Each structure stands twice: as C-alpha cells, then as structure tokens.
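Inspection log for the structure reproduced underneath, given as structure tokens.
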C-alpha cells in the first residue's frame, strides 16, 4: 500500500550477537523508490540478539527524513510478531506477557512503536540465509559490527 505523497522505501534489517548477551551488531539496507540506496550499521559491546534486531529496525526508520510508505523485511519473528500482534496485549497488560512476566526490551518496543506511527508500514518476514540479496547484506553489516567489537586491543 502506498499513500499519496509518501515516498516508498524497502528496508532490510538484521541483528547479530556473539554470545547472548555479548558483543552485538545491527545492519540495515534502505532501498528508496527513486533507486537510491543507503546502508547503516552499529552495535553494542554487551547486548542480545533481540535487542540488535529491534535496533536495526528502529535506526532504519529513524534514518527516514519524513513519512514514507515502508516495507520492512526482517528475518526476526520476534520483531515482526511483536510489533504486529503482541504489543497491543503487552500494553493492555502493563507491559506483561500472557504468562505475566515482564516484557523484555520495553524501551526499544516503545521507540519502535513511536516510529511506526510516522509511516505506513508493511511488515514482511524473510527467511534468513535464503539468498535474499539485501537481507544477506544486512546480515553482513551486522556481523561486521560484531567482529569489530570482538577485536582484542593490544
């Protein structure tokens, strides 16, 4: 779905972690409707894979200069199901899961939801390591950030 006046962008995201928790990285490829592309990445020295998956989408959406018609492609069912299904119930339950435990990564879920309200978003799950060029590139960016954080200083 494309809303009138909104630029189209396809976003491919991935997160990675060595150990869980451990050094982690995220990567995103943004493909704009006019043919332009942008790659962004980052990471943290002590994080989890799920935090990196969420951060990848957050940073990609935050990189957009205005409201867009977005297709987010993620290999994380945690991210896709969390934002499209679970978050409504979590909020109604005071950020508790169906088994009454505290929702993890609430800070990131709140920020992701805030950013989703700025755009028209279609969420797609893509199979990891299945040959999708842009998902593979996002994975490479994320893994590069992990490796950068694993280098032992001399």
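Glycine too: its Cβ is placed from the backbone N, Cα and C atoms.
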According to Swiss-Prot, which candidate in 34, 75 joins 14, 53 at the Mg(2+) 1 site: 75
Sorted by sequence, non-14, 53, 75 residues with Cβ within 8 Å of centre, Mg(2+) 1: 13, 15, 16, 52, 56, 74, 76, 79, 128, 135, 138, 139, 142
Assigned conformation of residue 53 (Mg(2+) 1 binding site) - DSSP reduced to three states: helix
In three-state DSSP terms, the structure that residue 139 (Mg(2+) 2 binding site) belongs to: helix
Residues that sit under 8 angstroms from residue 14 (Mg(2+) 1 binding site) by C-beta distance, when 6+ apart in the chain: 26, 27, 28, 53, 56, 74, 75, 76, 128, 135, 138, 139, 141, 142
Entry from the binding-site residues list 53, 75, 139 having the most other CB atoms no farther than 10 A: 53
